[in-house]
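Peer 1: One structure, pasted below without further comment.
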Amino acid sequence: MSDSRFDARFDPGQADGRWQRAWDDAQTFRADDSSTKPRSYVLEMFPYPSGRIHIGHVRNYTMGDVLARYKRMTGHEVLHPMGWDAFGMPAENAAMEKKVHPGAWTYQNIANMKAQLKRLGFALDWSRELATCDPDYYGHEQALFVDLFEAGLVYRKESAVNWDPVDQTVLANEQVIDGKGWRSGAPVEKRKLSQWFLKITDFADELLEGLGTLEEWPDKVRLMQENWIGKSSGLQFSFKLSDGGSLEVYSTRPDTIFGASFVAVAPDHPVAQAAAANNPEAEAFIEQCKRGGTTAAELETAEKLGFDTGITATHPFSGAELPVYIANFVLMEYGTGAVMAVPGHDQRDFEFATKYGLPIVRVVAANAAEADAPLSEAEAGDGILVNSDFLDGMSVEEAKRAVIGRAESEGWGQGKTVWRLRDWGVSRQRYWGTPIPFIHCSACGVVPVPKDQLPVVLPEDVDLSVPGNPLVRHPTWKHVDCPQCGGKAERETDTLDTFVDSSWYFLRFASQPADRPFDPAEVARWLPVNQYIGGVEHAILHLLYARFWTRALARTGKLEVREPFASLFTQGMVTHETYFREIDGREVFYSPAEIERTSAGATLTEDGQPVEIGRVIKMSKSKKNTVDPDEIVARYGADAVRWFMLSDSPPERDLPWSEAGIEGCWRFVQRLWRLFGQYDGGAQGEDKALARKTHQAIAAVGEDIEALSFNKAVARIYELTAAAEKAAPSADRSAAIRTILLLASPMMPHLAEEGWAAIGQQGLVADAPWPEADPALLVEDEVTIAVQHKGKLRDTLTAPKGASKEALEALALASEKVQRSLDGADIRKVIVVPDRLVNIVT
RNA sequence: GCGGGCGUGGCGGAAUGGUAGACGCCGGGGACUUAAAAUCCCCUGGGCUUUGCCCGUGUGGGUUCGAGUCCCACCGCCCGCACCA
C-alpha cells in the first residue's frame with residue numbers, strides 16, 4: 001500500500017520550521033499555572049550566553065526535551081523553561097578585546113543562541129524566558145540579598161584575592177597561570193580585601209542531613225557534597241609554648257597524640273605573623289608562601305616546605321618539647337589553622353618530617369608485635385595503639401575517646417565538631433555582575449539600599465579598556481546620599497558572584513510577579529524541580545549553593561521549599577577525535593571540517609596529505625575538535641541530530657561525535673518515514689507476535705525514558721521498527737506503525753508531526769496521549785533455558801514459562817549435548833533457576 | 001595531593017549474581033541498476049585439530065554451583081578542589 005504523500009523523502013528543511021511555527025502558534029508548550037493536572041517541572045541548567053550553542057548544550061537540552069514531551073503525553077502539566085546565566089567574565093573580556101559593551105555583546109549572543117535553540121524544536125515555554133543581567137531579574141536578587149542580610153546571614157570580613165600588581169586588578173583563579181597574571185605576566189600576589197560573605201556554614205548540618213532525603217540524586221554527587229561539607233569530630237586543644245603563649249590546634253586523630261613530633265601553623269597564623277615580626281627569615285618564608293598559588297590543588301601538590309620558628313610546644317602527656325614550624329600546607333581556613341603533626345599516620349606530615357629530619361613514630365599497628373615495624377609511608381588505617389603510654393592496646397576509636405576524655409577532665413582541650421565547608425565569599429571586584437545593594441556611610445556604617453530604591457542598576461557608560469573595576473572609577477555612579485542620615489556616602493562597588501544568580505533562577509521560572517522575586521504559593525505548586533539535568537562539573541558548587549540559597553530563603557520565611565531539586569541527573573560530555581600534525585615540534589590542530597575521514601585514516605582536504613588522529617577528548621576550541629550545531633541541523637535536520645544525541649551512549653557517559661553516526665541517524669529518519677508510508681488504517685487481520693512486541697516496546701520505552709536511559713529506548717524503537725518492516729499487512733501492523741510514531745515522537749518531534757498528519761490523525765502528535773501497554777501481551781508463554789555444566793553453557797532449551805524445577809532438571813538431563821558433556825560423571829548437585837537456567841555440578 | 005567517577009569486539013554500547021556482546025556504527029559479501037546514489041538480504045569478538053572445542057569484559061588475587069556484575073590490591077583515563085561557568 002503506497003501513499004503519494006510519502007513518495008518524497010522527509011524534508012526537514014521545510015518541515016522543521018513549519019512545525020516549530022505550529023507549536024508556537026498553538027502555544028503548545030506554555031505551562032498553565034492554574035492546571036489541575038499532575039505537574040512536572042523539567043529543568044536543564046541554563047546556559048551562559050557565549051554566542052553559539054555548543055553540542056553539549058544540544059545533548060543536555062535534548063534529554064530534558066524528550067522527558068518534557070513524554071510527561072506531557074502522559075497527562076502532566078509540564079513546566080520546561082529556558083533562560084540565560086548572563087553575567088560573568090567573558091562579556092568583560094569581549095568588551096576589552098572587541099570594544100563592545102558587555103550588555104550589547106550579551107544580548108546579541110542571547111538572540112543568536114535563542115534562534116539556534118528554536119531550530120532544534122525544543123518544547124520550551126519561552127514566555128518565562130529570563131536573563132540574569134536584566135535589572136528585572138537582578139533587582140529582585142538584590143532584594144533577596146538584603147533579606148538575607150536582615151536575617152543575619154550576610155557579613156563582611158577580610159579575605160585574600162589574587163592581585164595583579166601590574167594591571168592593578170583582581171584576578172580569578174583561571175586567570176592565574178603558573179602564579180602569573182594571564183595578561184601582564186607579572187607574579188600574582190595575595191592581597192586582603194574586605195569582602196561580603198554568606199553564612200552557608202550555619203546550614204552545614206542541614207545541608208548534610210538534607211542529602212539523605214535526596215534519594216533521586218546520584219550517589220556520587222551526594223558523596224561529593226558530603227565530603228565537601230566535611231563534618232569531622234576530633235579534639236581541639238591548647239599547647240603551651242616556650243615563649244609563654246599558647247597555641248590552639250585541632251586534630252581528627254587525637255588517638256595518635258603520642259606520635260606527634262612537631263607542630264605546624266599556617267603562614268597567615270598569628271604565631272607565624274609574630275615570628276615574622278622579629279625574624280626577617282621567617283618573614284621571607286611567609287612572603288614566599290604568599291607568592292605560591294592560592295588554590296587548594298596547588299597548595300597540596302606543591303613541595304612541602306616549612307620554617308622552624310625556634311619556638312617549642314609542650315606535649316600535654318609526655319612533656320616533650322615539639323618544634324613549631326610554619327608550613328605551606330596548613331590552611332588557616334580549616335580548624336584553628338594549626339595542627340599537631342603525626343608523621344607516622346598522615347602522609348603530608350610524613351613527607352615533611354622526612355624532608356626536615358623529624359622523628360617518625362609508629363603509634364598504630366596491626367597488633368602489639370608490630371609495634372616497632374618501620375614505616376615507609378604514613379599508615380592511616382585502623383589497628384591498635386602502640387608506643388602510646390596509657391593508650392596502648394586500645395582500638396583507634398577507644399583511644400580517641402580516651403584522649404578527649406582526659407583533655408576535658410584535665411581542662412586543656414575538648415571534643416569538637418569541625419566542618420571543612422567555609423562561608424561563601426560572594427564579592428567580585430568586577431563590573432558585569434549584580435551590584436551589591438549597600439551604601440557605605442562614614443556616619444552610619446554599612447547601610448542596605450532601601451527596597452523601594454531597588455534595583456541598583458549598573459551604569460551603562462563605562463570604560464572597560466582599562467583593567468580594574470570601572471564601577472570604582474565611574475565619575476558619578478557610586479556617589480550617593482546615605483539613606484539613613486542623608487549625608488554624603490558611597491555605593492558598594494563589588495558585584496555578586498554569578499553563582500548567586502544561578503541559585504534561584506528556578507524559583508523565578510516558576511513564578512514571575514513584577515513587584516516581588518516570586519510568589520511562595522506559586523513556587524510551592526511547581527517546586528521541587530522533578531528532574532534537573534546538567535553536567536557533573538556542577539556537582540558541588542552550583543548545586544550546593546542553590547540548596548543553601550533555597551534553605552536560607554526558607555529560614556527567612558520567604559519560601560516553603562527546602563530542597564529545590566527532587567531528582568538530579570548529570571550527563572556526560574560530547575567528545576570528538578582530534579586531528580593534528582607536528583610542525584616544528586608543536587602540535588597544530590585541524591577542525592573536522594578541514595578533514596577527509598576514512599576508515600583507514602584522515603587527510604587534510606587542502607593538501608590531500610595525511611594527518612594524525614589524536615585522542616577522543618571533550619570538544620574545545622583550542623583543539624579545534626568542535627562541530628557547529630547549526631551546520632549539522634542544516635545538513636541533517638533537527639530530528640537526526642536529536643536522535644544522535646540520544647542513541648548509543650548512555651546519557652551519563654561521554655558521547656563521541658562521529659560523522660558516520662549522524663549519517664546513520666539521518667538514514668533512520670528516512671527509514672521511519674518510509675515505514676509510516678506503509679500505514680493502512682483499514683488493514684484487517686491479526687499478527688499476535690507483532691502485537692506482543694509492540695506492547696513490550698510501549699512498556700520498555702516508557703520505563704527507559706522515565707529512567708533517562710534514552711539509548712535503551714532508542715534500541716527498542718529500532719527493534720520494533722525492524723519487526724514492523726518485516727511483518728505482512730494487518731491491523732496489528734498498522735497499530736505497530738502508529739505506536740512507533742508515538743514512541744519516537746518525543747525524540748523526533750518534527751518527523752512525528754509530519755507523519756501524524758500524513759497518516760490522517762487529528763491534531764498535533766505533541767498533544768496525543770502516550771500509548772498504553774496491555775499487560776496481557778507483555779508476558780511470553782515460552783522461555784529459553786540455559787543449561788550449564790562445569791560453569792559453562794552446554795545447551796539451550798525451550799520450556800513453557802513457569803515450568804517446575806523438576807521438569808526443567810529432567811529436560812536438561814535429557815539433552816544429548818548435556819549428556820556428552822557429563823560423560824557419565826556423578827552429579828553432585830543441580831541448581832535450577834526457574835525460567836532461566838539449570839546448572840549441573842559434578 | 002585530596003575527593004568522586006569510569007574501564008566490555010575495529011568503534012559507541014547491552015546484560016535483577018544466571019546464555020557476554022542486544023541495538024547502532026564501521027567492514028565484507030550479495031540483490032536491484034546501463035551506472036551511481038538510495039534501498040533490501042546475509043556475514044561480522046579471537047583462536048583451533050570446526051558434528052565441536054578452547055580463550056575472552058583494564059591487570060593480579062579472592063568469594064560463589066555460577067562473576068562484566070560482589071570483595072581486596074594495582075594500572076590507565078576523566079571530573080571537582082571554593083574568583084571559569
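Cβ atoms are placed via backbone N, Cα and C, with glycine included.
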Peer 1: Of the residue ranges A:13-17, A:618-622, A:678-682, which one carries the motif ''KMSKS' region' annotation in TrEMBL?
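Peer 2: Here TrEMBL associates motif ''KMSKS' region' with the stretch A:618-622.
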Peer 1: Looking at the ranges A:47-57, A:179-189, A:465-475, A:575-585, which is given as motif ''HIGH' region' in TrEMBL?
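Peer 2: From TrEMBL, the annotated motif ''HIGH' region' range turns out to be A:47-57.
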Peer 1: Give me the non-local Cβ neighbours of A:Lys621 (ATP binding site): same chain, 6+ apart in sequence, Cβ-Cβ under 8 Å, ordered along the sequence.
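Peer 2: None - A:Lys621 (ATP binding site) has no non-local Cβ neighbours under 8 Å at 6 or more residues apart.
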Peer 1: Thinking of Cβ pairs under 8 Å, which stretch from A:226-406, A:420-577, A:687-806 has the most of them with the domain 'Methionyl/Leucyl tRNA synthetase' (A:45-176)?
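Peer 2: It is A:420-577, which has the most Cβ pairs under 8 Å.
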Peer 1: Across the domain 'Methionyl/Leucyl tRNA synthetase' (A:45-176), what are the DSSP residue counts per state (helix, strand, coil)?
Peer 2: 69 helix, 22 strand, 41 coil
Peer 1: State the mean pLDDT for the domain 'Aminoacyl-tRNA synthetase class Ia' (A:420-577).
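Peer 2: Mean pLDDT across the domain 'Aminoacyl-tRNA synthetase class Ia' (A:420-577) comes out at 94.
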Peer 1: Taking helix as H, G and I and strand as E and B in DSSP, count the residues of the motif ''KMSKS' region' (A:618-622) in helix, strand and coil.
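Peer 2: The counts are 0 helix, 1 strand, 4 coil.
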Peer 1: Helix, strand, coil: count each for the residues of the domain 'Methionyl/Valyl/Leucyl/Isoleucyl-tRNA synthetase anticodon-binding' (A:687-806), based on DSSP.
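Peer 2: Across the domain 'Methionyl/Valyl/Leucyl/Isoleucyl-tRNA synthetase anticodon-binding' (A:687-806), DSSP assigns the residues as follows: 68 helix, 17 strand, 35 coil.
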